[in-house]
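The structure under discussion appears below in the form of structure tokens.
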Amino acid sequence: MQKSWSFKLTPFRYLLIGLVGIAIVVALARLVFGLGAVTNLSDEWPWGLWIGFDLLCGIALAGGGFSTALIVHVLHKEKYLPIARAALLTSLIGYVIALVSLLMDIGRWTNCWRPFFYWGFHSVLFEVFWCISLYTTVQVLEFGDIFFERVKIGPLKNILSKAMVPLTILGIVLPTLHQSSLGSLYIVTVDRLNPLWWSMIIPFFFVWSAFFLGPAMVTIEGTLAARAYNRKPETEVFSSLTKVTMCMLIVYFIVKMIDLNYRGVYSMAFNGSFESNMFLVEMIVFVLVPIFMYAIPAIRNTQWGVFTASVLVVVGVVFNRMNVVFTGMAQSAGGHYFPSIWEWLITLGMWSALALAYLFVVENFPILVKEDHEQEGLSSGKSVSTGRSVEA
Amino acid sequence: MSKGVLVDVSRCIGCRSCMVACKTWNDLPATKTEFTNNWDAPGKTDAYNWTVVNYHLIEQGDQVKWRFVKRQCMHCDEPACESACFTHSFVKTKEGAVIYKPTELNQDYCVGCRYCMVACPFGVPSFQWDKSLPYVQKCRFCYDRMKEEGLKPACVTACPTGTLKYGEREELLKEAWQRINSNPNYIKRVYGEKEYGGTSWLYISDVPFDEIGLKTTAYGKPVSEKSIPSYTWNVLKWTPYIFVGWGAILTALNFYTKRRDEVHHHEDMYEAVNTIEEKKDE
Ligand code: SF4
Ligand code: SF4
Ligand code: SF4
């Protein structure tokens, strides 16, 4: 497989490259002229599209990395190996996006290195900051293991292989902590965030949803990759993952209901306000519907069924984050916020860069499972790798 | 010896001398105002207006009253802004002022993440949106006057009606209750005594606080009397235990489920896809 680096350019990829180019220009303008000149942010809406969508959702969507790592490398459920590397890759790229949007968003970006030296450990943001930095490093190292399969530097590869187990564990503990602390960020908004979303256990909701989002994200990504590269999707792996997602969704729903009841705000969900409607949509369309789709074998075992349900789950988590950042804060913040064209362009550019990076890596590194082994292994449902039988 | 200011809303005549004094002492630029017909439109503090006086038209039965309310940072006893900042850029001084270190003490660590703005329950900290490297801005209780020269804050000095009274927080609190108890017109509450764990600025009033823009309820419930840092700390304190505990669980699981023949030889099962036709790629 040792060929020269390849990256075939198609019109679609030219478009992506163009979008990245525009975003870079806008980003430079933002760094030079400041946030006020480029964004629609204000004292009432200090956090907008970049924090709300790119950072919070980028990181949530990267949940595939740590949930798959847990299932495959810690619980050793090896039938899920075919998707492990792709999950790691998307997760890594998701984090890079989060870091870039963070850099874009901080007003005094020339001070971005300061938090490493002045420790405000009583701040939730401190935890978020350290976990993101460390975990990105861990993921780069984990990816190094794959990188050196292609770029052969013997000693480095050996060192990395030895470090893999502790790295993997660190690579689960860190995201667990900070997925939850992304939620804890909003504990501070006592009396500001709508009680339908504000809760002392919002950290639990965040980490739990990031976890169940993982398998769904892997499903979507795998299906799209299979389609793009004209391969056979690992439908069987996907539909067996749905058990994990479904159970977690059910737990999520139950805890949510108990929490609302406990805080005595249950009735707020039905008072007909904009917030209550958004909440009902979130719960019904993006939690209950996927639970039923996953529960019914006739849907779960088909490619479109598992794909659609997974899309609902992923969109649902994004929807939930948007509700926390925007819907739930609207009433107390007052004023209004809609991202400016420049904010959209940077966001668009970042996600285009993500797509390009993914394509490049997948086409140059061993990420996806070899076709011939996979065909046989998956259709028999017993083994996925050559010569070794693996129990489920 | 924590200082405070007692604001007696019933005495304020809305002259706005306090606003002018604040601008003058702190060298804040003038901002353009717009004429509106809406007299009682509440204005907000921003990066260049650290204090504002809001006009409120209050109807009680067939009576109509004007009330004027000076607003600024409340200088909380346990400030949310301080606990939220991960670069230690806010500090509650022993004198009672909550100050922003980058501009006050030249300790320029602030990265401009604006989490302090999200955290403040009164929506006080503001950002210099017009600057390319903006600072956070808010009332600093004239910390320089208070600390070095033993002076009252500029606004207190300027107030012609005795609406504002500077002193020890404890004594002001006593005086506030004295005034309330000796005059039945007052609402039986000192705003800032308990709200969010207590604030250095205290308000008393003869009209309900929520009608003059001071937040008494949120989403149908009374505002919290616990400080905001006490909420976050309740969650944050678990971090080390989760870190160690979860790490231990994972390590145990890892060894428990590990197969004996398990070696990291998965290399053969993956491949790069560059050899495959990309016809559907668009
Ligand atoms: S009112 Fe807001 S800015 Fe002022 S001390 Fe309290 S939390 Fe900080
Ligand atoms: S904007 Fe500055 S002062 Fe406010 S929380 Fe961030 S680093 Fe701290
Ligand atoms: S100076 Fe005193 S009377 Fe005049 S607006 Fe300010 S607080 Fe009210």
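Backbone N, Cα and C atoms are what each Cβ position is placed from, and that goes for glycine too.
TrEMBL names B:Cys139, B:Cys142, B:Cys155 as [4Fe-4S] cluster 2 ligands; from the candidate set B:Cys12, B:Cys15, B:Cys22, the record adds B:Cys22 to that same site. Per TrEMBL, [4Fe-4S] cluster 1 is bound by B:Cys12, B:Cys15, B:Cys18; the candidate from B:Cys120, B:Cys159 named for the same site is B:Cys159. Proximity to chain A, defined as a C-beta distance under 8 Å, is registered for the following binding-site residues out of B:Cys81, B:Cys113, B:Cys116: B:Cys113.
Nearest neighbour of B:Cys120 ([4Fe-4S] cluster 3 binding site) by Cα distance, taken over the binding-site residues B:Cys22, B:Cys85, B:Cys110, B:Cys142, B:Cys155: B:Cys85. Using a Cβ-Cβ cut-off under 8 Å and counting only residues 6 or more beyond its ends in the same chain, the domain '4Fe-4S ferredoxin-type' (B:101-130) has close neighbours at 44-47, 72-74, 79-81, 83-91, 136-140, 143, 196, 215, 223-224, 228. Per-class residue totals from DSSP over the domain '4Fe-4S ferredoxin-type' (B:101-130), listed helix then strand then coil: 9 helix, 2 strand, 19 coil. Taking a C-beta cut-off of under 8 Å and a sequence gap of six or more, B:Cys113 ([4Fe-4S] cluster 4 binding site) has these contacts in its own chain: B:Phe86. If you compare Cα positions, B:Cys142 ([4Fe-4S] cluster 2 binding site) sits closest to B:Cys18 out of the binding-site residues B:Cys12, B:Cys18, B:Cys76, B:Cys81, B:Cys159.
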